Each structure stands twice: as C-alpha cells, then as structure tokens.
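Now, the feature entries from Swiss-Prot:
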COMPBIAS  1-26  compositional bias 'Low complexity'
COMPBIAS  30-40  compositional bias 'Basic and acidic residues'
COMPBIAS  143-157  compositional bias 'Low complexity'
DOMAIN    26-79  domain 'bHLH'
REGION    1-42  region 'Disordered'
REGION    26-39  region 'Basic motif'
REGION    40-79  region 'Helix-loop-helix motif'
REGION    118-170  region 'Disordered'
Amino acid sequence: MTASTSSTPSTSTKIPSSSKSSVTKQTKQKRNERERKRVDQVNQGFVLLQERVPKAAGNKAKLSKVETLREAARYIQELQKQLGMSSTSFHNSMPADFPTPEQSPVYPQSVCSMMAQTPSPSYTSPYYPPPQMMSSNQHDMSSHYYQESSSSSASTSGDHHSFYSHTETY
C-alpha cells in the first residue's frame, strides 16, 4: 500500500507537529524570560528611585510606582527652586553658588552623614587620565565657549524646552 501525498508543494516541507510545538514552546519561553527580565529591571529601578527620593516626615509606607514618580518630580522641582533655576535658565546658565547637601532641607540627612563618613575613592584608570588644573588661557577659552554656546542656544531655543517647562501639580 502506498502512502498518499498531497499535490501541494508545502506538504513535502511540513514540520512534524511535535517539533513545531517544541519550537513554539521554546519561542514562548524565551519571550517570557525576556519579559520577566525586563520587568525585574524596571522594578529594580523603582526600588533605587524610592531609596533616593525623600519621603514626607509622616509617610513611612512604601510608595507605589506612580507615587514614586510624582515624588521624584516634586523633588527635582524643589531642587531647581533651591538652585534658582527656571525652566529657561536650566540649560542656559548655572548659578555660581550651589547649596551643599547639608544646607538642603529636602536632602536626606542619613545620606549626608553617610557621605561624610565614606572616604572618597582614589580611582585611577589607564584609559581616563586624572583631571588636571586648567591654565588661565584654557579657562579663558572655555568660558568664551560657554558664553557663545549659551547665547546661540538662547537665540535658537524655540520651543524645544517646552517639555521641561511644563509643570504639573500633583
């Protein structure tokens, strides 16, 4: 008895159903693993952000992701206010007098004390030489560059800072 074959050319190249399902299973497993890894990375990022954003004095509960983002936005706005930065001056100029973390009322005191106790690492790398003091000639050239770039960016600013200037009250 002879086996009947279909007249369509695709039947000769068909993958057996058992190997087809294993390919599909492997593909699904890989896709699921990538998604789990992505979700884990997002969650780790939120944990780090929650650790860095100061909480209100009475709020000891863990913040949700949305609350964490809102608090981070408020914290950034507060820091900008303390630095005297408006949305337009944020990119065009930097104030000369920055408050230290100890002077900041919103900066977590535990971090301040931890930073004071932790010695600065002495990092050396053959790829990145240590910073060197600028000569007065180099300083003059760099300050001239920044003056030109800030004036040119101010004249061509248009509306590309509108994302940063949009503030919402939460």
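Note that the numbers count up from 1, one per residue, in the order the chain is shown.
Cβ atoms are placed via backbone N, Cα and C, with glycine included.
These figures come from a predicted structure and were not determined experimentally.
Look at the compositional bias 'Basic and acidic residues' (30-40): DSSP puts its residues at 11 helix, 0 strand, 0 coil. In the predicted model, residues of the region 'Basic motif' (26-39) average a pLDDT of 95. Residue counts for the domain 'bHLH' (26-79) under DSSP (helix as H, G, I; strand as E, B; rest coil) come to 42 helix, 0 strand, 12 coil.
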